[in-house]
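Input: a single structure, listed below in structure tokens.
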Amino acid sequence: MNQQKSLFERAQLWMYGRKQNVLSICRKIGYLDNKQNKKRMQQKKFNEDVNSRKRSMNFFKIHNIQEKEQTNCMSSIILLIFLYLLQGVPLGLVMGSLPYLLQPYLSFTSLGFFSLASYPYSLKLFWSPIVDTVYNEKWGRRKSWVIPVQGSIGLCLLWISYNIQQWIEEATKSLKQITAVFFVLVFLCATQDIAVDGWALTLLSEENLIYASTAQSIGLNTGYFFSFTVFLAFNSSEFSNKYFRSVKKDFGLISLTGYMRFWGWVFLISTMFISFFQDEPRKKYSSVSIKNAYLIIFNIIKLRNVRLFVFVHLIAKIGSSATEATLNLKLLEKGLKKEDLSIAILINFPFELIFGYYAAKWSSMSRRLLPWTYAYIGRLIAAFIGILIVYKFPYDGKINTEYFYIIILQNMISSFMNTIQFISINAFHTRIADPIIGGTYMTLLNTVSNLGGTWPRYFVFESIDFFTKSYCSKNITNKCMTHEQITFCKELNGHCIKKVDGYYIINFLSIFTGFLLFFIFIKPSVEKLQKLPLKAWKINIIDRMSF
């Protein structure tokens, strides 16, 4: 038994020795190393394949996310353009077409009174905190205001459409009523603008906020274009007879009644669409009461930089406001046909869109107010050209082709500079506005910007009539200022003679003041403001809530 065990152990030792010899030989010739390397290479290749698949999956996932974000961004921009377009339609009527339709019946002083109807758009700051803080959580912070206000605008347009023609024909008697009605309409548009400005800050991603001002510019200009240029042209019987009719008629293709009724229904239908099909991004907002919202505005205005910026806004359009408010009205008074003026503005519109695109790219530079300062000077130059156009208007009222081209050129220069300033300043607003109180902050800045262009208009109209000295050739006691006085002079077979035209006095004074303010105060202030860091425009909201 012991002998068998001994033989078995010897056999095991012999087999172990043989195995060690084989392993030793394999190591010497590199067989095992090659085998292990081969396994390691196979494992490495497998790992690389797995990582490659993961990278491919991540690439397609990121690509799909980027595509989705781009699609959402584009749809948001389109929505903003449409909402701003709707705002531009009533504003184009109040600030554009209606003064031209009322011009034959009213003096410059009366037109100045009607211009008060546009003031709510420049005073919306006073109720913007209510729009920013009161909302229905189920509907969304912005839709809670956009839907009812937009629907109300539609109903107002429908109601006004049934009365507007009679009001215009009796403009002298119904001036206060017309002004009050359109004051309410502009108030509603201003309220919608507060909500849409705030909505833009949440609809667009941070890197795409620069396009908010572009959407606003394109939308408002397009709506204004429809209500001013397109409507005024197709409302003219001369334009319609010349280009679209074989048999002449004494009315245009589009009436004011029909135009307002059409857009009233557009407002109502689009309101229903937004209500049911447009979702608002659900974000958590700080709970701010109305009282604290007003305190926030107060504390924003208390910032030294904001106060300086507000003052710049309020005086920045003094230089060009006189010409922009009265140039086209003066040309019509001189004898320019409405259809010719409409064509001049119509030709200008495509260029406005192109200007808006390049102005947006130009305004994306680090010094975002630099384009604004250049356009300021350009705007004053365009205003001076406007004075020369009025001065050189043919005495017999018959304009030649060269003169008409100069009118178009002046409109293009003025529009180009206006667009650059609008987009540049709004891009700067978007950059410095605090998203937490975005609607209120943006409204504050936009309000003072609009007010800077609105408040001088009333005084411009009043001052022109104040400085104008005229009389009737058949009756020197007739001052030829109002529609009735001019009509009465014509009935006497006389004509109005102007000894002094207040238009030139006010426009020269306006442009001179604009240049003086720019070099003494505006330019140094703007250069200082655009260099400030973003924290210089913020307030500590948590501290303000303690109030």
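Heads up, the Cβ atoms here are built off N, Cα and C, so glycines get one too.
Annotations in TrEMBL come from automatic prediction, not curation.
Annotation source TrEMBL lists transmembrane segment at 77-98 (among others). Residues 114, 117-118, 121, 146, 150, 153, 157, 178, 182, 185-186, 189, 192-193, 196, 199-200, 203-204, 208, 211-212, 214-216, 218-228, 231-232, 235, 256, 260, 263, 266-267, 270, 278 of the same chain sit 6 or more residues outside the transmembrane segment (77-98) yet have a Cβ under 8 Å from a Cβ within it.
Sequence annotations record features per position, and here TrEMBL assigns transmembrane segment to 104-123 (among others). Listed as Cβ neighbours of the transmembrane segment (104-123) (distance under 8 Å, sequence separation of 6 or more from its ends, same chain) are residues 91, 94-95, 98, 168, 171-172, 175, 178-180, 182-183, 185-187, 189-190, 193, 325-326, 329, 447, 450-451, 453-455, 457-462, 464-465, 468, 481-483.
Using a Cβ-Cβ cut-off under 8 Å and counting only residues 6 or more beyond its ends in the same chain, the transmembrane segment (174-196) has close neighbours at 80, 83-84, 86-87, 90-91, 93-94, 98, 102, 106, 110, 113-114, 116-121, 123-124, 127-128, 131-132, 142, 145-146, 149-150, 152-153, 156-157, 160, 166-168, 439, 443, 446. Per TrEMBL, the feature transmembrane segment maps to 174-196 (among others).
Marked as transmembrane segment by TrEMBL: 208-234 (among others).
Sequence annotations record features per position, and here TrEMBL assigns transmembrane segment to 254-277 (among others). Sequence-distant neighbours of the transmembrane segment (254-277) (same chain, 6+ residues past either end, Cβ-Cβ under 8 Å): 82, 86, 89-90, 93, 97, 101, 143, 146-147, 150-151, 153-158, 160-162, 164-165, 168, 227, 231, 234-235.
Look at TrEMBL and you will find 341-360 (among others) tagged as transmembrane segment.
Look at TrEMBL and you will find 372-391 (among others) tagged as transmembrane segment. Among residues of the same chain six or more beyond the transmembrane segment (372-391), those with a C-beta under 8 A of the stretch's C-beta atoms are 316, 319-320, 322-324, 327, 330-331, 334, 403, 406-407, 409-410, 413-414, 416-418, 420-421, 424-425, 428, 503-504, 507-508, 510-511, 514-515, 518, 522-523, 526-527.
Look at TrEMBL and you will find 403-425 (among others) tagged as transmembrane segment. Sequence-distant contacts of the transmembrane segment (403-425) (same chain, at least 6 residues past either end, Cβ-Cβ under 8 Å): 213-214, 217, 221, 320, 324, 331, 336, 340-341, 344-345, 347-348, 351-352, 355-356, 359-360, 362-363, 368-372, 374-376, 378-379, 381-383, 385-386, 389, 392-394, 449.
Only residues 6 or more beyond the boundaries of the transmembrane segment (502-522), in the same chain, are considered here, and those with a CB under 8 A from a CB of the stretch are 312, 315-316, 318-323, 326, 330, 373, 376-377, 380, 383-384, 386-387, 390-391, 456, 460, 463-468. The annotation transmembrane segment is assigned in TrEMBL to 502-522 (among others).
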Query raised in the report: Other than its close neighbours in sequence, what residues sit by the transmembrane segment (208-234), given a CB gap under 8 Å and a spacing of at least six beyond its ends?
Result: 73, 77, 80-93, 95-97, 100, 197, 200-201, 240, 252-254, 256, 259, 338-339, 341-343, 345-346, 349, 352-353, 356-357, 359-360, 363-364, 419, 422-423, 426-427, 429-431
